[in-house]
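Visitor: Have a look at this one before I ask anything.
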Amino acid sequence: DVCCAFCLQITAKAAIVFVALQYNVTQPATEEQATESASLYYYGFKDLATVFFYMLVAIIVHAIIQEYVLDKINRRMHFSKTKHSKFNESGQLSAFYFLACIWGTFILISENYISDPTILWRAYPHNLMTFQMKFFYISQLAYWLHALPELYFQKTKKEDIPRQLVYIGLYLFHIAGAYLLNLNHLGLVLLVLHYFVEFLFHISRLFYFSDEKYQKGFSLWAVLFVLGRLLTLILSVLTVGFGLARAENQKLDFSTGNFNVLAVRIAVLASICITQAFMMWKFINFQLRRWREHSAFQAPPVKRKPAVTKGRSSRKGTENGVNGAVTSNGADSPRNRKEKSS
């Protein structure tokens, strides 16, 4: 009995590392919050266990949405294999983008980000996070990590795997970068902005699969996509290029999580600018391909001129009719035959 109780205690302690958020500290009450103290969090190596656990949760939720929602719709619509895979992709991503966008917007409102934009760079480093802020980042990392084994579970085509790996890697790189560099305020704003635009694209594609004449959603998405890239660059330059560049403390300090040095700022801005340029390049190619397909569909069919044969066949055709066309009586005989004398 003692051994069983000890094993259960060890198992419970190990489970807490996977389920609960780690590295919490209690901040004493201030003049603004004189009645109660606040519990804040920072990051550490134990977060890997938490991310792994919620990655498994994301795989389970992914399977539930696929089996009880998307598969039922697919059986009713009778999609082709290509549309079937694209419908599943847009269905999963639209659900995720919608929930993440609402969750992120709630954090922005509750922590007063919208009314005071200077909070993006003021009092950097932002090494202490609220519970909902840290849980948001843990969930984002877990979701995009779960997308890697889903490539196998969903039996993704080999030609689609490189494209999937590129955008999964970009998400993980930027989310982990904002989390580790204590740029979680800026990262949250940019994620909400990006998720809203992506949600509009995937929900428009779902409507397009049900009715191929539906194009209004794509037109609105195209406008918001360009505006989203522009706002991303403006906020990034404003926060990193101006706000953090004018901060007093610009010394690299791993103990306090201060990465506000020139090299890091240049690297952050370069990665954001290169990613936005890559996305715009893909967007322009996508729009050009759609324009060519639409032009080819609207263009009238070209009438082919009848081929003119040369040589003996043309001369013979002239005898039989015009341009090789056989006349009504030419098939029988071009001229009257002489009757044999008996």
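For all residues, glycine too, the Cβ spot is worked out from N, Cα and C.
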Visitor: Quick one: which of 165-182, 291-308 does TrEMBL have down as transmembrane segment?
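Guide: Going through 165-182, 291-308 one by one, TrEMBL gives transmembrane segment for 165-182.
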Visitor: Counting only CB pairs under 8 A, let me know which of 51-70, 91-115, 165-182, 220-242, 262-284 has the most with the transmembrane segment (188-208).
Guide: 91-115
Visitor: Taking contact to mean 3 or more CB pairs closer than 8 A (sequence separation of 6 or more), are the transmembrane segment (165-182) and the transmembrane segment (51-70) in contact?
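Guide: Answer no: the transmembrane segment (165-182) and the transmembrane segment (51-70) share fewer than 3 Cβ pairs below 8 Å.
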Visitor: For the domain 'TLC' (85-294), report the average pLDDT of the model, please.
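Guide: A mean pLDDT of 91 is what the predicted model shows over the domain 'TLC' (85-294).
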